[in-house]
Amino acid sequence: MKHLYNLLRKIDKRQRLLIAVAIILAFNLIIVLFPIRVAVFLIPIDIVIVYGATYIALLEDIENIEWLVLFILPISLAISLLLFYYLLPVRWLTRIPYLAVLGIGMYASILSVNIFNVGVEKSLPLYRAAYSVSNFLSLLAFFLLYTVLYSFRLHFLLNTFFGMLLAWPLLFHSTWAANPKSVLEERVYKFATIETVLLSGAIFILNFMPIKTNIYALYTVAIIYLLSGLTQEIMTDTVFKERVREYLIVFLLLTILIFATASWG
């Protein structure tokens, strides 16, 4: 293992990132050749592959809680895209754009967590860019995961339960990314847990609204945007009226849109 580690260290980090993305793409191409009833059993292996490939890209300076939190976004994005793929017509014309989006998403997500890993100053544009990309990809993963979940039309209690399970890891990552440290702050998992509980309550209520699956998922993401955004402002001590107003306006506009498109009849 030490010989392999030293060998990988000799490779330029950008090249290791490309190798990591290529590994993930190759394995996911193999998965999508199988029907969904087979693919679901390959998901645990896919998680291991994405974790290993991300480690190859990052390699150095991973400490303490970073062994978990740095890998949440790439894994969540890869699995959400894979599951969403099976909601689409399965053919090569679908596989090509799927692999393109997966490749771009993996490159962007691993690059973002690498910036968190190397400890770039939060005041620098590089950190702010990584932070913005990370938040966008997290919201995308949330939308895909909840679209898949709601498409099963489960009992409202199961929807709430699985919605809560899906939420916590990414909320934990998003909260940590606002102030990334190798030693976990107690408030990070506390805030993530509070956000998850509030979100599960909202999902429970939304079960009884006459809205379509994609709108249901979109509104869930809007709630996450509000909760996560405000929490990140608290984490960075930048809770200003203007920022709070911005989050509330976006949320209220989406709320109006949801109620306007609901089938109340």
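For all residues, glycine too, the Cβ spot is worked out from N, Cα and C.
Taken from TrEMBL, the feature transmembrane segment covers 17-34, 40-58, 65-86, 98-117, 129-150, 156-176, 188-209, 215-235, 247-264.
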* Is the transmembrane segment (65-86) packed against any residues at least 6 beyond its ends, judged by a Cβ distance under 8 Å, and which are they? -> 24, 28, 31-32, 36, 39, 43, 46-47, 50-51, 54-55, 58, 94-95, 98, 101-102, 105-106, 109-110, 112-113, 116-117, 134, 137-138, 140-142, 144-145, 147-148, 169-170, 172-173, 176, 182-184
* Report yes or no: does the transmembrane segment (129-150) come within contact of the transmembrane segment (215-235), defined as 3 or more CB pairs under 8 Å with a sequence separation of 6 or more? => yes
* Spatial neighbours of the transmembrane segment (215-235) far in sequence, C-beta under 8 Å, 6+ residues away -> 135, 138-139, 142-143, 146-147, 149-150, 163, 167, 171, 174-175, 177-179, 187-188, 191, 195, 198-199, 202-203, 206, 209, 243-244, 247-248, 250-251, 254-255, 258, 261-262
